[in-house]
There are 2 protein chains.
Amino acid sequence: MSWFYPIFATETETAEPSLVLAGVLLSLVIIYFASKVGGEICSRINLPAVLGELVGGVVIGISALKFLVFPEGGMEATDSLIIQFLQSTANLTPGGTELVFESMSEVISVLAELGVIILLFEIGLESDLKELIRVGPSAAIVAVVGVVAPFVMGTAGLVFLFGLPVIPSVFAGAALTATSIGITAKVLAELGKLSSTEGQIIIGAAVLDDILGIIVLAVVGSLVKTGEVQVSQIIILIVSAGAFLIGTILIGRLISPFLVSLVNQMKTRGQVLVTGIIFAFVLAYVANIIQLEGILGAFAAGLVLAETEKRKELEEQIIPVADLFVPIFFVCVGARTDLGVLNPAIPSNREGLIIASFLIIVAIVGKVITGFTVWGKPEINKLAIGVGMVPRGEVGLVFAGVGSASGALSPATEAAIIVMVIATTFVAPPLLKAVFKDEPEKVIESEAN
Amino acid sequence: MSWFYPIFATETETAEPSLVLAGVLLSLVIIYFASKVGGEICSRINLPAVLGELVGGVVIGISALKFLVFPEGGMEATDSLIIQFLQSTANLTPGGTELVFESMSEVISVLAELGVIILLFEIGLESDLKELIRVGPSAAIVAVVGVVAPFVMGTAGLVFLFGLPVIPSVFAGAALTATSIGITAKVLAELGKLSSTEGQIIIGAAVLDDILGIIVLAVVGSLVKTGEVQVSQIIILIVSAGAFLIGTILIGRLISPFLVSLVNQMKTRGQVLVTGIIFAFVLAYVANIIQLEGILGAFAAGLVLAETEKRKELEEQIIPVADLFVPIFFVCVGARTDLGVLNPAIPSNREGLIIASFLIIVAIVGKVITGFTVWGKPEINKLAIGVGMVPRGEVGLVFAGVGSASGALSPATEAAIIVMVIATTFVAPPLLKAVFKDEPEKVIESEAN
């Protein structure tokens, strides 16, 4: 029995834990370095810092320096500069290399997932449930239009303009639907617009979008797999998603006074933060196992706790934690982005790039128009709402992955979806910053009226 | 290619990432719950909270409820209640179970290691390099006596009283040498005694002890493996340890003004914390690859940064991070503790328990006397210093593991070492609290003089 890692590397058969730790430490150092260099450069040229974290990730990732690569991309241990560095500094033997590489990548991936969970918990804490409910109808319209418009435009365009078969067109159309809540929320937070009406509509719509995206994925996935839509599965998904969001908020509001009084009786360090995190992780777990995304649970937890007297304390304490966890997520997103699909010198990429250009236009137009569906709020920045819905991300890439695995997508179409996700993800932060630019004046004007 | 985890569990061959995430979330929830329940109970009955975290770990670990078990203990996935819970709530298939169990355990183990690294960084930040240098001679004497006395007493006792062969006796004696800096430092911090003279002597001696322990392990390890002491290896280790501690502090003091001015020019969120953590992780990495422990590097980083103008800001921001990471370490230590070796109903345990009783006495006496080697400081709590050196831990268990793997230790002697480590680890926190009890009066008295 050994609680800790043995010091002599030769004693063990599985991945040498002290080398896994060394690899994780090195990966984190490089991730933090890339996030700070990228973030600082972007903030100096007046772009959102999160864009810099994404680009920093691209620079250290699979597309460029290959410090941080992941096994899923078909990369091997020897492709990772971190592993090569470990081999030359620590005594990592070739035999143990693959194991260390896999374990280390696993740990970094989970840390990235915890990063986006903590980000959404923080976003939830900074959101206002009452305001979200107030803008709910607007957010719902934005979400539905933002799913239907790109889906119809994309699918129809691919079938009629490009002559693609129906199934891959439906898949590509579906990949256009979901908004990446992480990137939008982070940019809004950086701009200080999270609690504005526009911000709350975007967040509300993005949350609904995430759920709609998962439902669309289930529909399309079962369509591809069985040739028909399994209505019962879809109904279960819709009911469980609705029950989850409404249920967590209702039950959460019932038990949050109990949590607060419990915390008030606790005497050990970190009682507020640890209790809040337990709550967030439990809801993230529940969301995860009912096939929703963990981030929805964390967001709901933040929303519920934002209504308690502990909001301010939690908000303050979550900041350093988020500062350490969240960059791991964005840098990993960048590091996993394979810009190879953008290289027009490779002939097989060209068809994909042409389809991608079309998808990008649909992806941007299909979301930007959603802002103009908001009625009765003349003072609102409608363009900003639409632009806020532009970044794709997680769900879009899941579509590409599932479609490719099921054989429904040709390599060109898959590449086109990935290019569309990359483009919308990287273009949205500067666009969003630009459309919010003259906001302060507007606020002053409307206050002066 | 897929950046994120696919939603359909059936699509992948390796450990299903969304299930690994679910397992990690569940493990963390249970770890935090155990740490808070244990910590709160202990703080109410006037025991250190960290003891509660250890006991909370024992309750959820291999010895009792088996929520949190680790593959190294010979446990299988089906032994873990968390895995069973995942099987019944998420659709975890039996085929993927082992992979999820291993990946999840790997992630939790690394988080625990990051926990103790962050703890030592925090301890370093709260320490005072000038005070450490001032008490350096006292700390050095305490450290050396605390290594030599238990080693000689333990080895001689086993050979002459118990008639054991020399090699296992040397091994068991060596296992008595090293202090667990984590537990002692945490208790001192809880008692607010970290920056007292006693606290700084204990921390300084524990750091030296950690290095001495690693050197002793190298000596004993090569003795067992090759039958002789490889002097060159030992010299390399001593030189590299010395060079590391002195080098990091000297170089660190040279570059820390540069780090501070860099941070002052940075504009993005978390610049102080992320820069500090990069520094800590780099030194932890260096310590790790030169066969020292990562925690020594993190401690040195904290010590260096404590001398800069950013100390206060860093200290404040590290608290929530430590609140989330550090309990993972202590709960995991408890969870991995197999109390089965304490069961006297199993005949093979009895010989081990008798040897263990002897080792425990030597372990406590051999360290408690070290406090009385401190000369010229009459106002000092000498008993507290000795008691502060009592908890064994990491290095002691590494001895048991290495000794057992090399065949030098009989099962009874190995069990005896483990029992000794358990006893000293769990007994030290309440003892330390007790001997520091009437401290405030003393301080007032000495101030009144």
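Cβ from N, Cα, C; glycine included.
Automatic, uncurated: that is what TrEMBL annotation is.
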From A:110-129, A:170-189, the residue range that TrEMBL assigns the feature transmembrane segment: A:170-189
Dominant neighbour of the transmembrane segment (A:18-35) in A:170-189, A:230-252, A:318-341, A:353-375, by Cβ pairs under 8 Å: A:318-341
Other parts of the chain folded back onto the transmembrane segment (A:170-189), taken as Cβ under 8 Å at six or more residues beyond its ends: 48, 50, 54, 116, 119-120, 122-123, 126, 146-147, 150-156, 158, 164, 199, 202-203, 205-207, 209-210, 212-214, 216-217, 219-220, 223-224, 295, 299, 326, 329-330, 355, 359, 362-363, 366-367, 388-396, 399-400, 403, 408-409, 413, 416-417, 420-421, 425, 428-429, 432-433
Interface check, the transmembrane segment (A:137-164) with the transmembrane segment (A:353-375), three or more C-beta pairs under 8 A: yes
